[in-house]
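Asker: Right, I'll just put the structure down here and ask away after.
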Amino acid sequence: MNTFAPLMVQGTTSDAGKTVLVAGLCRVLSNKGIQVAPFKPQNMALNSAVTEDGGEIGRAQALQADAARVKPHVHMNPILLKPNTDIGAQVIVQGKAIETMDAWGFQDYKKLAMPYVLESFAYLNDHYQCVVVEGAGSPAEINLRENDIANMGFAEAADVPVIIVADIDRGGVFAHLYGTLALLSESEQARVKGFVINRFRGDISLLVPGLEWLEEKTGKPVLGVIPYLHGLNLEAEDAIKSEQQEKGQFVVKVPVVTRISNHTDFDSLRLHPDIDLQFVGKGQSLSGADFIILPGSKSVQADLNYLRSQGWDKDIERHLRFGGKVMGICGGYQMLGEQLSDPLGIEGEPSLIDGLGHLAISTELKKQKQLTLVEGELHLPNQSSAKVKGYEIHAGVSIHTAGAHLPVIINSESIVRYDGALNHEGSIFGTYLHGIFDEPEAFEAIMSWAGLKESKAIDMKEIQEEAIERIAASIEESLDLSQLWPSLFEKKAAY
């Protein structure tokens, strides 16, 4: 298909705004009636999403697909790295986990990964009119340039034009842009179409002399300056978002384990006006919570040991003695059980450790992951049956022992199965379902069970949609997009 030229967005640093800029450009093009798809050759993240065909990609690419108004697909993020130690990560290729590699092992593997990356890019080119590509980190990382598949290595191999974005809010924006360009090869410099400055606050007339200097020194145009957009409630790709517009009275505490995954599960709580969501870090206590939720984890056994080292297991026991409620999601659910077994060494050395012992389940880690989008019903004590939707990403298989109550009924392709566990007293609930709080009925049932009565869920889809449209409007107003797609946009002043 490929009617319009693809574009790659690279950044001078991590968190320069690449993910949001790609999402915004996808929405701008979609609003023009263009069939557009996002693409990220290589992503490193613990927040992942499940595609309809049972593959796994970065959640950022799923968000960008939403912005493009298309369904997420494994080819949108062919290489996903999910760190499970400080020097190692699980490598996922076109949606499927292949093995865990250390940093040096992956450096060697990259030359083998490029064909998969180019195959996925070709698939998107064949099925969409335009592809907007996101780089990773910075293209100027000298130590990572050999066999690069994430930035200029891909752009050169696929012959894709590039724009470079920098975050002026961090300071040093001209050094970042000038220095990044200077560290590229001549052929790489030639494919850079221009610069974008992101997150600007203040009087732009004060910035103009610097923009003119940059254009003169580099010979590259500044395509525009995007203002700082306050209150954008989009999922965070890496760092946990903790800011709240307003804090409620009902305190929910989440212990931050070392390999916390899919912390976007808690965005519905963080943004709710009745809830004070607190992420509890090293050396802090879980005491004072109305509700405790154990999050997902990429290294469940190691994080369970860390949880104990912080004394959080004792905080949980005390919380339960005083009538509090506890919930576990995915890895947190496994921790609440009786045993955790890793006979194949999926997370390191083969091992068997005791869980917290609050739920009548035992979990064994398997090589094959469960990757599924699910819908069903949630049945909690003293609550009406609630619709539930979510997704499963886990290697563990949990076996229910005597006395386990199964609170989630999943209807999948005419097959009824069960998920989760509830203790005999009805005070502890565990589930494998990520995204469970994003379904309003499930949110209201869980929070009512936990003690927050008659509180209505917020509409996360509407919040995300509003944020994406704000970004798209700002991009279209701020950038001279005619320099990227002249047949679609009229020329305008960039600043």
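Note: Cβ is positioned from N, Cα and C throughout, glycine not excepted.
Just so it is clear, the model here is predicted, and its values are computed rather than measured.
Straight out of Swiss-Prot:
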type: ACT_SITE; residues: CYS330; note: active site, nucleophile
type: ACT_SITE; residues: HIS434; note: active site
type: DOMAIN; residues: 249-442; note: domain 'GATase cobBQ-type'
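Mind mapping these onto the model and telling me what they sit next to?
Answerer: Cβ-based neighbour count (10 Å, all protein chains) for CYS330 (active site, nucleophile) stands at 26.
In the three-state DSSP assignment, the secondary structure recorded for HIS434 (active site) is strand. Over all protein chains present, the Cβ of HIS434 (active site) has 26 other Cβ atoms lying within 10 Å.
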Asker: I'm trying to understand the geometry here, so how far is the Cα atom of HIS434 (active site) from the Cα atom of CYS330 (active site, nucleophile), in Å to the nearest whole number?
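Answerer: Cα-Cα, rounded: 7 Å.
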Asker: According to DSSP, folded down to helix, strand and coil, what is CYS330 (active site, nucleophile)?
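Answerer: For CYS330 (active site, nucleophile) - judged by DSSP and reduced to three states - the answer is coil.
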